[in-house]
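Read through the structure below, which is laid out as structure tokens, and then see the notes.
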Amino acid sequence: MQIMLCAISNIASGNCSEDCKYCTQSAHVKTDIQKYRRKELSQIVLEAKMAKKNEALGFCLVTAGLGLDDEKLEYVCEAAKAVQKEAPNLLLIACNGMASVEQLKELKKAGIFSYNHNLESSKEFFPQICTTHTWESRFQTNLNAKEAGLMLCCGGIYGMGESEEDRLSFRKSLQELQPFSTPINFFIANENLKLQVPRLSVDEALKIVRDTKEALPQSVVMVAGGREVVLRERQYEIFQAGAGAIVIGDYLTTKGEEPSQDIIKLKEMGFTFASECH
């Protein structure tokens with residue numbers, strides 16, 4: 001079985017104006033995460049080269065904050081061009097919050113392949129986890145990305161206290177968007193966050209993967225944050241459940257599995273890694 005590996009680079013971290021209860025980058029909570037306005041382009045390129053060396057096909061440029069402004073747009077475009085020059089053949093993904101069709105077209109011109117903007121959860125549950133912007137504004141940004149001609153990467157976070165009905169509603173909204181790829185994150189509580197809920201069980205997490213693939217058979221299901229912590233020694237069962245991709249290395253503010261360990265284990269299990277997107 002061939003699977004897709006993706007890596008992320010947090011190129012602008014922390015001090016986010018939004019009050020998302022699940023996020024340690026929010027300025028509304030005190031955490032000990034690294035905070036910086038801009039990562040040096042040379043460091044981004046270094047991370048991209050390392051991602052490519054570690055068999056990654058996708059490389060995501062992530063910025064904290066509500067959305068794109070002119071300055072941030074220019075910076076992301078600069079980063080995309082720098083990565084393309086030094087680490088060609090990576091599929092570049094941008095994750096920069098709310099964005100207009102015009103802004104997204106500029107990202108596409110700079111070499112961005114796909115735009116990631118997660119709905120996070122259902123329309124009904126979202127007001128319980130964020131009050132500073134609406135679920136509808138997130139949905140609209142996804143429509144904007146499609147209109148701009150970008151491939152769509154849209155998913156969310158499970159295990160925030162949502163009901164099974166919320167999960168069904170969430171997946172129905174994803175069906176409306178029909179994303180190219182859909183990330184699944186499993187919520188891991190942090191003592192500084194307002195959101196404190198029991199961790200998902202392994203069986204429940206694997207069921208979420210199965211249900212997502214069933215709802216979105218044409219989308220690449222990507223298991224991202226929380227994979228190692230929630231699924232532990234059973235984490236590679238996600239592929240039997242329908243996943244076709246994982247995020248390797250570190251996440252936005254938390255450590256992930258060492259990429260080399262993932263690669264060794266996956267090769268031992270007979271997996272190969274996609275080098276192009278079909």
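Each position is counted from 1, following the chain as shown.
Cβ atoms here come from the backbone N, Cα and C positions, even for glycine.
Within Cys16, Cys95, Cys277, the residue that Swiss-Prot lists together with Cys60, Cys153 for binding [2Fe-2S] cluster is Cys95.
On the backbone, the CA of Cys153 ([2Fe-2S] cluster binding site) and the CA of Cys16 ([4Fe-4S] cluster binding site) stand 21 Å apart. Following the DSSP three-state reduction, the secondary structure of Cys153 ([2Fe-2S] cluster binding site) is strand. Highlighted in sequence order, Ile8, Gly58, Leu61, Val62, Ile93, Ala94, Ser114, Tyr115, Asn116, His117, Pro183 have their Cβ within 8 Å of the centre of the Cβ atoms of Cys60, Cys95, Cys153, the residues recorded for [2Fe-2S] cluster, and are not part of that set.
Comparing Cys95 ([2Fe-2S] cluster binding site) with Cys16 ([4Fe-4S] cluster binding site), their Cα atoms are 14 Å apart once rounded. DSSP classifies Cys95 ([2Fe-2S] cluster binding site) as strand under the three-state reduction.
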